[in-house]
Amino acid sequence: MAGLSNSQIPDGEFTAVVYRLIRDSRYSEAVQLLSAELQRSSRSRAGLSLLAYCYYRLQEFELAAECYEQLSQMHPELEQYRLYQAQALYKACLYPEATRVAFLLDNPTFYSRVLRLQAAIKYSEGDLPGARSLVEQLLSGEAGEDSGGENDPDGLVNMGCLLYKEGHYEAACSKFFAALQASGYQPDVSYNLALACYSNRHYAPALKHIANIIERGIRQHPELGVGMTTEGIDVRSVGNTVVLHQTALVEAFNLKAAIEYQLRNYEAAQEALTDMPPRAEEELDPVTLHNQALMNMDAKPTEGFEKLQFLLQQNPFPPETFGNLLLLYCKYEYFDLAADVLAENAHLTYKFLTPYLYDFLDAMITCQTAPEEAFIKLDGLAGMLTEQLRRLTKQVQEARHNRDDEVVIKAVNEYDETLEKYIPVLMAQAKIYWNLENYPMVEKIFRKSVEFCNDHDVWKLNVAHVLFMQENKYKEAIGFYEPIVKKNYDNILSVSAIVLANLCVSYIMTSQNEEAEELMRKIEKEEEQLSYGDPDKKIYHLCIVNLVIGTLYCAKGNYDFGISRVIKSLEPYHKKLGTDTWYYAKRCFLSLLENMSKHTIMLRDSVIQECVQFLEHCEIFGRNIPAVIEQPLEEERMHIGKNTVTYESRQLKALIYEIIGWNM
């Protein structure tokens with residue numbers, strides 16, 4: 001509905017209309033009317049005051065600050081305008097400007113409010129000692145009657161926030177809990193408590209507090225449309241309203257997503273983000289945008305990079321943004337971009353990167369041009385972390401001997417955190433030799449770390465892979481692959497298809513064909529059950545297992561059986577043909593064509609005919625399937641008509657005809 005214009009409002013009704021709009025939270029319309037009115041009467045105190053209020057409610061804090069600045073200049077005797085200006089500047093994250101305005105306030109009436117504001121500014125700037133000094137001043141009662149005391153809910157929350165920033169999560173939890181008991185349920189305080197529990201790795205109580213926030217938000221504000229997007233219901237944006245902010249629903253869903261992500265429940269993490277009240281992308285807060293980028297990175301990497309790059313230009317941005325963008329550049333092997341971002345943002349390096357993360361990124365970037373130097377850097381980092389792990393192991397043993405449960409829990413948590421730092425360093429070292437196909441050296445690196453990593457799933461998986469690649473250690477590879485598969489046997493499709501395929505090949509190569517067949521029957525059974533619920537869903541596990549087995553026979557020179565296995569594995573084509581499965585299939589065909597062109601093998605006409613028919617089927621079903629998933633930030637894109645399974649299958653068919661001398 002179009003907004004009212006000033007000319008449509010009857011004489012004498014302007015003020016009433018504006019107040020009605022504000023009462024109904026229609027602040028944008030009120031801003032239009034007030035702005036037009038102020039063009040005619042620019043020194044209207046009432047008009048400017050209402051406009052500032054509307055801007056503040058719309059979270060246009062800089063514009064609100066400008067209005068309050070005008071008011072304080074027009075009425076210097078009314079110091080509350082200067083206070084409101086300082087508060088608006090603080091909300092706009094303009095901390096130096098907010099501090100400057102706050103220092104101009106010397107009215108005793110506002111003393112405690114100014115102290116609170118100054119403490120909040122110092123806290124946001126990272127000056128924790130300065131913030132603590134001001135908070136303690138408030139708690140002592142020095143700031144007047146309304147400054148509160150030790151049991152004042154605001155004071156408890158402030159102390160809780162300081163303790164949280166200082167890393168004292170247990171003590172912070174106690175303060176937030178006491179604040180809730182003193183004031184009753186407050187969504188923002190409940191969120192603070194959940195966040196402190198999360199940071200202390202107490203995920204169950206954190207999720208309990210989050211569930212309470214969400215449940216109350218849904219019950220009290222059904223109009224916010226919680227869960228609608230996940231259910232596929234098309235709903236309009238609820239906007240960034242004050243009500244939404246007061247419910248702490250956005251913060252709660254973001255924290256829930258972070259916990260599920262930490263627990264490797266990636267689907268649940270994505271669902272938490274889509275469950276939150278719907279907003280347009282341009283309305284999203286920085287934390288939600290950051291989390292969306294991370295959790296959809298596998299499916300939409302280009303969008304993910306764009307969002308993180310955008311956030312880096314904002315003030316403020318989530319502190320994790322800088323490190324995560326650099327790590328993702330390294331993951332996707334954009335080392336030059338990572339180096340450029342580090343060089344261009346030296347001021348952010350010291351603020352947002354720990355010494356460990358900086359050294360790790362430096363080594364990863366060095367890998368591209370000087371792998372030997374990178375290995376030495378990583379080795380130094382690994383040595384430092386192994387020393388920490390040994391020290392923490394000793395601490396845990398001593399604490400258990402002394403039956404000090406609190407120290408045990410703290411040391412175990414610290415050990416787990418250090419191990420999570422050590423694993424990426426170890427894998428980066430191993431990858432240097434993996435890229436050189438020096439698998440015995442990779443195995444040697446892993447064996448050196450067995451003391452700390454023998455229970456870590458990532459380590460076990462990579463040990464299995466390196467044993468498998470050596471082709472004479474299939475039995476040892478089974479010893480590492482089997483526990484991974486058995487651990488998830490009741491949900492076998494949650495296991496990576498390549499793990500299942502490598503285990504099957506290892507069984508075959510060690511003459512354990514019955515075990516291989518049993519595993520394949522189990523995969524087939526689960527795929528059938530899944531297809532009953534969703535007949536159109538593409539499931540590739542059994543297909544990839546058969547493709548890898550077919551590849552094995554082709555590698556051994558048995559192309560008749562190997563190629564037939566590859567062809568059968570992709571039936572039916574509409575469900576089995578995809579970018580990954582085509583990758584395995586075309587490798588076998590290229591190997592076959594290479595050997596045919598060298599006249600090292602001869603194929604029966606029936607097999608050649610089978611190959612041609614297979615490629616014709618791929619041509620039909622592969623029109624909309626990319627042959628290659630391009631890198632997300634690739635400047636020169638492949639021709640859209642060439643990057644399809646259809647195009648590549650035609651090329652392979654033409655090569656077959658050329659080699660055997662058939663006329664097309």
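Here the Cβ of each residue, glycine as well, is placed from N, Cα and C on the backbone.
Here Swiss-Prot flags 507-534 as coiled coil, drawing on sequence analysis.
The repeat 'TPR 1' annotation in Swiss-Prot covers 11-44.
When Cβ-Cβ distances below 8 Å are used as the criterion, the repeat 'TPR 2' (45-78) is approached by residues 15, 18, 22, 25, 27-28, 30-31, 34-35, 37-38, 84-85, 88-89, 91-92, 94, 97, 240, 242 of the same chain, each at least six residues removed from its ends. Here Swiss-Prot flags 45-78 as repeat 'TPR 2'.
Computed over the repeat 'TPR 3' (153-186), the whole-number mean pLDDT of the model equals 92. Annotation source Swiss-Prot lists repeat 'TPR 3' at 153-186.
According to Swiss-Prot, the repeat 'TPR 4' annotation covers 188-220.
According to Swiss-Prot, the repeat 'TPR 5' annotation covers 395-423. Note on the repeat 'TPR 5' (395-423): residues 201, 356, 360, 382, 385-386, 388-389, 449, 452-453, 456, 458-459 of its chain, located 6 or more positions outside it, place their CB under 8 angstroms from a CB of the stretch.
For 424-456, the entry in Swiss-Prot reads repeat 'TPR 6'. Among residues of the same chain six or more beyond the repeat 'TPR 6' (424-456), those with a C-beta under 8 A of the stretch's C-beta atoms are 360, 363-364, 367, 371, 374-375, 378-379, 381-382, 385-386, 389, 462-463, 466-467, 469-470.
For 458-491, the entry in Swiss-Prot reads repeat 'TPR 7'. Same-chain residues lying 6+ beyond the ends of the repeat 'TPR 7' (458-491) with a Cβ under 8 Å from its Cβ atoms: 423, 426-427, 430, 434, 439-440, 442-443, 446, 449, 499-500, 502-503, 505-507, 509-510, 512, 519, 522, 526.
For the repeat 'TPR 8' (543-576), the list of distant contacts is 497-498, 500-502, 504-505, 508-509, 520, 523, 536, 584-585, 587-589, 591-592, 595, 601, 603-604, 607, 610-611, 614, 617-618, 620-621: same-chain residues at least six beyond its ends, Cβ to Cβ under 8 Å. Residues or ranges marked as repeat 'TPR 8' in Swiss-Prot: 543-576.
Across the repeat 'TPR 7' (458-491), DSSP classifies residues as 29 helix, 0 strand, 5 coil. According to DSSP, the secondary structure content of the repeat 'TPR 8' (543-576) in residues is 28 helix, 0 strand, 6 coil. Long-range contacts of the repeat 'TPR 4' (188-220) within its own chain (CB-CB distance under 8 A, at least 6 residues past either end) are made by residues 153, 157, 160-161, 164, 169-170, 172-173, 176-177, 179-180, 226-227, 246-249, 251-253, 255-256, 258-259, 262-263, 413, 416.
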